[in-house]
Amino acid sequence: MRFVSLAVGAALLGAAGASSISSNVGLLKANGVALGNWEAAYEKASAFVSGLTTDQKLALITGSNVESANGNFTPLYFLDGDMGLQDFYYVSAFSLSSALAMTWDRDAIYEQAKAVGSEFYNKGVQVVAGPTSQPLGRTPWGGRGVEGFGPDPYLNGLATGLTTKGYVDAGVIPGGKHFLLYEQETNRTSSFGSSGEGSPYSSNADDKTIHETYLWPFYDAVKNGAGAVMCAMTKVNGTMACENSDLLMKMLKTELGFPGMVWPDMNGQNSAKGSALGGEDYGSSSIWSTSTMESFLSNGTLSEARLNDMAIRNLIGYYYVNLDNGRQPTRQTTDVYVDVRANHSKLIRENGAKSMALLKNEGVLPLSKPHVMSIFGAHAGPIMGGPNSNVDVMGSGPTYQGHLATGSGSGMASMPYLITPYDALTNKAAQDGTVLRWVLNDTYSSGGGSSLVPSSTSSTAVEPSFENFATGSDICLVFINALAGEGADRTELYNADQDAMVNTVADNCNNTVAVVNTVGPRLLDQWIEHDNVTAVLYGSLLGQESGNSIVDLLYGDVNPSGRLVHTIAKNESDYNVGLCYTAQCNFTEGVYLDYRYFDAHNITPRYPFGHGLSYTTFHYSSLAIKAPSSITKAPKGNLTVGGPSDLWDVVGTVSARIANNGTLSGAEVPQLYLGFPDSADQPVRQLRGFDRVELSAGQEAVVTFNLRRRDISYWNLKTQQWMVAGGKYTVFVGGSSRDLRLNGTFFLWVGS
């Protein structure tokens, strides 16, 4: 893609002509958005568009070549995803976003995004189809939750914003997705007979739910430089998301001040008129044909101002990340040897280890040169066909018969190689002189009771079974996974075969460690209280270095610091949101997802949101709160890219002292939760800050959390804006949503 002979002139959008839209809502300049550092990109984009004919503008917004007096433009190239480039050789396979979120590490999230972005840039790809904020994880049965950052909007939003910034700084356009309320695979394109033939389901939610939960992360994306947003293939409140003017023109482009383009997910664009007027900016030429669009212009259905706005939005992200400087390498075919991986394997290994949460440890970890170690489960070793075997989750089983380290569909990376736990443990055993045995499937058990050396022979051979290998082992490592992805939702939150394997091994091995990699919440209660299950490592999908990351944790080369981004329940019935099988999917739970629902109904989880152990211990003290005595009820700032300017103002701080009172260096993740006055109608408490602090044994540090206006605001349905409630706020600081070690209060007087 290149601009050549670009003539820059001053051209702004013209006044709106007659249109079926009653106002200029959603048009960039008509909104009065203070563009800030987007202004230069806007001027370049509008100058280029000013010299185009109607046909050329239509070519631009449908992804065709444009040749004009102002220069030539070749279409932007869009590609998945956050875990690395799809369909290319010589690229890296990174941790999935759900794993990255489990690091609770701002630097890790940003640095991975920048590394991913650099590989896109150097392969000649302009638009990353990401970050994937949503599916948020409304239901633990959702198939694509693994691709996102989890169901807490604050954590999801921060990770979405940091990922967006990483892509921008790498020189590519972030294309945040999926907008909006796309939370399951079931019936995403299916028909419902006479109730909606051929239509996807409709996600129905009120404004409070939308703003406080699902729209929240997109504020962060827009604020940090999103140049594109993908509208979902499903409906919202009865209208296709890509034709929904309330979502696209009102919320995204006006409330959030989004300056970039909206483009559709697969099957997201259904009609020419609906998508053009609803807020889509880039679409299919088969739907937006020249004759159709010209007829819309001539009869006043589509205004010239809206067409210009669409064209400018297609270009503004390109200029914003400076792709017009001519430095990006030309895109090659996928198999051409252009190695863009740099030293990203080191980053992938580090982030994978940072992301795994130690849920349980009764002194068995870290390992230290065990004499005899056995490993069990298909998840420990490679799949027969290699790491890039096609994974079609439609109709597949709920587990993966090999080491699961990347997603499927849009969430599947292009693996250059895969280090499995079997690979990494073999190397470690060779270094330590450990006898290593393995059964690399989930169901191989033919009875047992044999000792390490059978009496019938002088060989060390043992009939392979769970019982035989577990008996006589110093340590038993059992690897299990849970599979789901694009195209199919989950059918279970546990697996009978895998759970039986864990119990069988534990019945015969005093030190059984379970290692779990999963696409979403995975229930553990079939074996978690077994006396011989002495440790559990739990995480998401870690990418090409997965086995090394896991073994670094098992042996203590890395001290665990990962934290859960979802609640692990004791029973499936403890979760309040299941899959929807009807045409109308009503989000009647409102904002009460995950820990917010568990807290509201006083349900005891197996492991709470934010939980994770370390090989050392930490002490919390010295809570200090600095809050204003008064504040205006609503934001008064100008509309900027990312919403009202003062919505982002820091209005208070909370600090606490964290001390490592153990014997090993480690990282703690202190978390800030906030309880609102009753008048705000909010959950019991909500995450409103966190940090990851590395401390040597005996070291301590003061951690400070900034409270922004948006962090103490709620969405007022009557006034249709963010408001601050007056009254008492309760502050909690601790190691999880249930491990709250410090608390205090502050009062706010709210003026007009």
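Glycine residues also receive a Cβ, built from the backbone N, Cα and C atoms like all the rest.
Per Swiss-Prot, the features are as follows:
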type	residues	note
SIGNAL	1-18	signal peptide
CARBOHYD	Asn187	N-linked glycosylation site
CARBOHYD	Asn237	N-linked glycosylation site
ACT_SITE	Asp265	active site
CARBOHYD	Asn299	N-linked glycosylation site
CARBOHYD	Asn343	N-linked glycosylation site
CARBOHYD	Asn441	N-linked glycosylation site
CARBOHYD	Asn510	N-linked glycosylation site
CARBOHYD	Asn532	N-linked glycosylation site
CARBOHYD	Asn571	N-linked glycosylation site
CARBOHYD	Asn586	N-linked glycosylation site
CARBOHYD	Asn638	N-linked glycosylation site
CARBOHYD	Asn661	N-linked glycosylation site
CARBOHYD	Asn743	N-linked glycosylation site
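In sequence order, Pro200, Tyr201, Cys580, Tyr581, Ala583 are the residues of the chain that are 6 or more apart from Asn187 (N-linked glycosylation site) and have a CB within less than 8 Å of its CB. You'll find the Cα of Asn299 (N-linked glycosylation site) roughly 29 Å from the Cα of Asp265 (active site).
Using Cα positions, the member of the recorded positions Asp265, Asn343, Asn661, Asn743 nearest to Asn638 (N-linked glycosylation site) is identified as Asp265. Asn743 (N-linked glycosylation site) has Asn510 as its nearest neighbour among the recorded positions Asp265, Asn441, Asn510, going by CA to CA distance. Note on the glycosylation sites Asn237, Asn343, Asn510, Asn638, Asn743: the fewest other CB atoms within 10 A surround the CB of Asn343. With a cut-off of 8 Å between CB atoms and residues at least 6 apart in sequence, the same chain places Thr617, Phe618, His619, Gly698 near Asn661 (N-linked glycosylation site), listed in sequence order. Cβ contacts within 10 Å of Asn532 (N-linked glycosylation site), excluding its own Cβ and spanning all protein chains shown: 19. On its own chain, the residue listed as 'active site' has Lys177, His178, Tyr182, Met230, Cys231, Ala232, Met233, Cys242 as residues at least 6 apart in sequence with a Cβ closer than 8 Å to its own Cβ. Cβ neighbours of Asn586 (N-linked glycosylation site) (same chain, under 8 Å, six or more residues apart in sequence): Asn204, Ala205. Checking Cα-Cα distances from Asn532 (N-linked glycosylation site) against the glycosylation sites (Asn237, Asn441, Asn510, Asn571) with a 10 Å cut-off leaves Asn510, in sequence order.
Put simply, of the glycosylation sites Asn343, Asn441, Asn510, Asn571, the one whose Cα is nearest the Cα of Asn237 (N-linked glycosylation site) is Asn571.
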